[in-house]
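Have a look at the structure below, then the notes.
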């Protein structure tokens with residue numbers, strides 16, 4: 001049985017939600033790929049929480065915290081286009097394996113630095129940059145790999161599960177990080193992230209390469225410049241893709257930049273590391289619920305889910321900023337997480353389905369560049385928080401995001417149209 005045979009049921013077969021998930025589980029290599037992705041995302045988001053908590057403990061500076069968070073996404077801004085084109089020209093599984101293997105000794109280096117007491121704030125910055133490179137490769141290589149392993153028929157469910165895995169890892173990473181800091185210390189947390197990375201590598205090693213060699217060879221026969229020019233033409237000709245990219249920029253500039261500030265908000269509620277991890281994990285819990293729900297539904301208008309999720313995420317940020325108690329802050333982040341789950345599940349799908357076989361990596365490279373607006377948003381939000389306070393900065397940012405979201409939907413209504421069958 002091949003992956004393609006499993007992923008594309010006979011015409012006219014209306015597989016239900018459970019049937020789609022069962023079919024995905026039967027695709028050769030997909031369960032290993034899904035589990036590997038979960039471990040990778042746990043390492044990435046857990047690393048972000050550990051570093052922001054470490055900097056908060058040492059320097060208590062919103063600007064430094066935001067700078068560290070921004071470095072996680074700088075590689076997407078700078079290298080998204082090139083990484084996407086490279087992904088279309090080389091074997092994607094090998095690219096992901098190589099980058100994760102390089103990150104393992106970096107995790108152990110942080111373990112030894114913290115354990116020995118030699119760690120300094122500046123050392124956190126190259127660590128975050130390295131994790132950012134891993135995130136770039138995940139977006140431009142691993143997500144197209146998921147699409148190709150699952151096949152077009154099962155891709156919506158597979159991408160929703162991928163978004164759920166990312167959300168779950170965000171929750172698990174912050175919870176585990178907070179508990180490890182509380183009970184074993186900061187150094188043990190970095191050692192744990194290194195072990196998770198090793199597990200991800202072992203699982204990914206068992207994933208077969210998809211039968212997409214023709215598309216890869218076609219891509220390799222074209223110059224990178226010509227490939228990017230073709231993608232630019234695709235963006236100009238697709239209102240749906242332009243809408244996806246524009247909303248992505250808005251959300252990364254004005255919504256998602258709050259993440260590194262969560263430990264600072266938790267500190268205002270006078271809670272420890274474990275409860276700070278609970279607060280940071282609330283968003284992930286909401287993302288998991290919405291992602292699991294979407295993975296069981298047949299969606300004819302993914303753009304509507306994408307746009308509505310963006311609005312809910314922005315509204316949740318306002319609720320988080322204005323919450324008078326720790327419990328209400330957790331609820332607000334959970335509700336915002338529901339919206340973020342819808343946004344994340346549909347974002348990659350809308351981009352991939354706008355591209356041909358030989359352009360998927362390049363289109364996701366363009367999407368990665370748009371996601372690269374996040375470090376700019378983080379720095380601006382950090383500066384604003386330092387100037388007027390964290391809560392007013394979050395409210396102003398979210399209100400601006402809601403306004404721009406409405407403008408995008410009014411200008412590019414095709415984003416909300418029914419998907420082509």
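The backbone N, Cα and C atoms fix where each Cβ goes, glycine too.
Taken together, the residues in the domain 'Major facilitator superfamily (MFS) profile' (21-418) have a mean pLDDT of 83 on the 0 to 100 scale. Marked as domain 'Major facilitator superfamily (MFS) profile' by TrEMBL: 21-418.
TrEMBL lists 63-83 (among others) with the feature transmembrane segment.
Annotation source TrEMBL lists transmembrane segment at 95-114 (among others). Tertiary proximity for the transmembrane segment (95-114) is limited to same-chain residues at least six positions away from its ends with a CB under 8 Å from its CB atoms, namely 40, 43, 47, 54, 86-87, 123, 127, 130-131, 133-134, 137-138, 141-142, 145, 185-188, 190-191, 193-194, 197-198, 200-201, 204-205.
The annotation transmembrane segment is assigned in TrEMBL to 187-207 (among others). Residues of the same chain lying 6 or more positions beyond the ends of the transmembrane segment (187-207) and with a Cβ under 8 Å from any Cβ of it are 29-30, 32-33, 35-37, 39-40, 42-43, 46-47, 50, 93, 96-97, 100-101, 103-104, 107-108, 110-112, 114-115, 145, 149, 176-177, 180-181.
Tertiary neighbourhood of the transmembrane segment (245-266): same-chain residues 48-49, 52-53, 56, 60, 62, 65-66, 68-69, 73, 235, 275-276, 279-280, 283, 306-307, 310, 313-314, 317, 320, 326, 329, 333, 340, 343, 347, 351, 366-367, 370-374, 376-378, 380-382, 385, 390-391, 394, 397-398, 400-401, 404-405, 408, 412, 415, selected by CB-CB distance under 8 Å and a gap of 6+ residues from either end. Here TrEMBL flags 245-266 (among others) as transmembrane segment.
Here TrEMBL flags 272-292 (among others) as transmembrane segment.
Cβ atoms under 8 Å from those of the transmembrane segment (304-323) belong to residues 244, 247, 250-251, 254-255, 258, 265, 286, 290, 294, 329, 331-347, 350, 390-392, 394-395, 397-399, 401-402, 405, 409, 415-416 of the same chain, restricted to positions at least 6 beyond its ends. According to TrEMBL, the transmembrane segment annotation covers 304-323 (among others).
Marked as transmembrane segment by TrEMBL: 329-350 (among others).
For 362-383 (among others), the entry in TrEMBL reads transmembrane segment. Below 8 angstroms of C-beta separation, residues 62-63, 65-67, 69-85, 87-88, 136, 139-140, 143-144, 227-228, 230-231, 234-235, 241, 244-245, 248-249, 252-258, 260-261, 347-348, 351-352, 354-355, 393-394, 397 of the same chain, each at least six residues beyond the ends of the transmembrane segment (362-383), sit close to that stretch.
If you look up TrEMBL, you'll see 389-412 (among others) marked as transmembrane segment.
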